[in-house]
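Before any comments, here is the structure.
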Amino acid sequence: MLIYLFEWLSHYFKGLEVFSSYISVRIIMISITSLLITLALGRPMISWLQKMQIGQIVRDDGPQSHFSKRNTPTMGGVLILSSVIISCLLWGDLTSIYLWILILVVIFFGAIGFFDDYLKLVLKHPKGLRAKYKFALQSIFSIVLAIVLFYLLSKNGQMSLSIPFSKSLYIPIGIVIFVVLAFFIINGSSNAVNLTDGLDGLAIVPVVLVAAGLGIYAYIETNSTLANYLLFNYLGNPGLAEVAVFCAAVCGSGLAFLWFNSHPAEVFMGDVGSLTLGAVLGVIAVMVRQELIFFIMGLLFVVEALSVMLQVGSYKLRNGKRIFRMAPIHHHFELKGWPETKVVIRFWIISLILFLIGLAAIKVR
């Protein structure tokens, strides 16, 4: 919205055209805007959640240190999502279909997460939205979206899978493989981030790092000069560069949310935030054709999800025997005696290392 205003004003005031003509400037501005919006609205929202008594539910079989988290305001993810949408409407190119798709993903998965949180925290339904209904909604949306993206992104009905650390190795894939891959990436990422969001600040920092990494890839691949220099396939689809702008909005809002979510957390994002942010990262990875880079950068999320699947499988197949003391795996380390802050910071370090490995693939090819 603002780019059109600055484009008009640039006819009368020299220099303002940088705000409409340069995507790098808009990336900086949208990250600052989303950060400031989240910081400004954070305190009022926390107060409102406290007033409405929308607080965290703590498992009785969890670490004793978690009992102090009971009734901590939850559903703070609404703050992140609202900030991202507002910032995108202000600084995004509203002619980009990819920007609108990402906003639609935020709204749809945000609605699922919001309804799930509302059932658990307000209506006091212990399990919230039933898993089968949640999975069905996620699946239908992901499949439809994958089909749409295939026809938007494909060339002559063909797509390719980029292989990290390789200059020219691309695996051609058709619509069936693409849809199946996108389905697992979007749904898997959504639920993996949701499982990771179990300690103060644990999930939001890896989310910001992965969003930043994918944003860098989006910027490179949609810039013909950079793409050619770094030997990437140039993605010249009109409007696809707005993915980098969207990623910047997620980074800005996520960093500001950490201000309130760091230990001791004043607010949790809830399912409305974690389910949505995970889905958004998955969709972005599919859009910029960097699914394997996403796997590398987001490996922490994968490990968290795998720990739950292994725990459940072991319990069912081995007559109640468990692999971990508690799943997801961050709780296992807590029950081993690691302080919560140590678990979180060590997981952040791992996430940072994975982020750097993912960035190294830009040049080490």
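Including glycine, each Cβ sits where the backbone N, Cα and C put it.
The transmembrane segment annotation in Swiss-Prot covers 22-42 (among others) and is backed by sequence analysis.
Here Swiss-Prot flags 74-94 (among others) as transmembrane segment.
Nonlocal intrachain contacts for the transmembrane segment (95-115), taken as residues 6+ away from its ends with a CB within less than 8 angstroms of a stretch CB, comprise 75, 77-78, 81, 84-85, 88, 129, 134, 137-138, 141, 145, 148-149, 152, 190, 237-243, 245-246, 270-276, 279-280, 283-284, 287. What Swiss-Prot records for 95-115 (among others) is transmembrane segment.
Marked as transmembrane segment by Swiss-Prot on the basis of sequence analysis: 133-153 (among others).
Under the heading transmembrane segment, Swiss-Prot lists 168-188 (among others).
Residues or ranges marked as transmembrane segment by Swiss-Prot on the basis of sequence analysis: 201-221 (among others). Among residues of the same chain six or more beyond the transmembrane segment (201-221), those with a C-beta under 8 A of the stretch's C-beta atoms are 23-24, 27, 193, 227, 230, 232-235, 240-241, 243-244, 246-248, 250-251, 254-255, 257-258, 261-263, 265, 269, 274, 277-278, 281, 284-285, 287-290, 293-294, 297-298, 300-301, 330, 343-344, 347-348, 351-352, 354-355, 358-359, 362.
Sequence-distant contacts of the transmembrane segment (240-260), counting only residues of its own chain at least 6 positions beyond either end whose CB sits under 8 Å from a CB of the stretch, comprise 23, 26-28, 30-39, 42-43, 46, 76, 79-80, 83-84, 87-88, 91-93, 96, 98-99, 102, 201, 204-205, 207-208, 211-212, 214-216, 218-219, 222-223, 266-267, 269, 277, 280, 284, 287-288. The transmembrane segment annotation in Swiss-Prot covers 240-260 (among others).
Taken from Swiss-Prot, the feature transmembrane segment applies to 267-287 (among others), supported by sequence analysis. Sequence-distant contacts of the transmembrane segment (267-287) (same chain, at least 6 residues past either end, Cβ-Cβ under 8 Å): 42, 45-46, 49, 56, 72-81, 98, 101-102, 105-106, 109-110, 112-114, 116-117, 121, 128, 138, 145-146, 149, 153, 181-182, 185-194, 196-197, 203-204, 207, 210-211, 214, 218, 240, 243, 246-247, 250, 254, 257, 260-261, 293-294, 298, 301.
As annotated by Swiss-Prot, transmembrane segment applies to 292-312 (among others).
The feature transmembrane segment is assigned by Swiss-Prot to 342-362 (among others), with sequence analysis given as support. Taking Cβ pairs closer than 8 Å, the transmembrane segment (342-362) reaches residues 164-165, 199-202, 205-206, 209-210, 212-213, 216-217, 220, 230, 263, 293, 296-300, 330, 333-334 in its own chain, all 6 or more past its ends.
Within its own chain, the transmembrane segment (74-94) is flanked in space by residues 1-3, 26, 29-30, 33-34, 37-38, 41-42, 45-46, 49, 54-56, 100, 102-103, 106-107, 110, 113-114, 117, 121, 239, 242, 245-246, 249-250, 252-254, 256-257, 260-261, 267-274, 276-277, which lie at least six positions past its ends and keep a Cβ under 8 Å from the stretch. Non-local neighbours of the transmembrane segment (292-312) in the same chain are 161-164, 185, 188-189, 191-193, 195-196, 206, 209-210, 213-214, 217, 278, 281-282, 284-285, 322-324, 327-330, 332, 347, 350-351, 354-355, 357-358, 361; each lies 6+ residues outside the stretch with a CB under 8 Å from one of its CB atoms.
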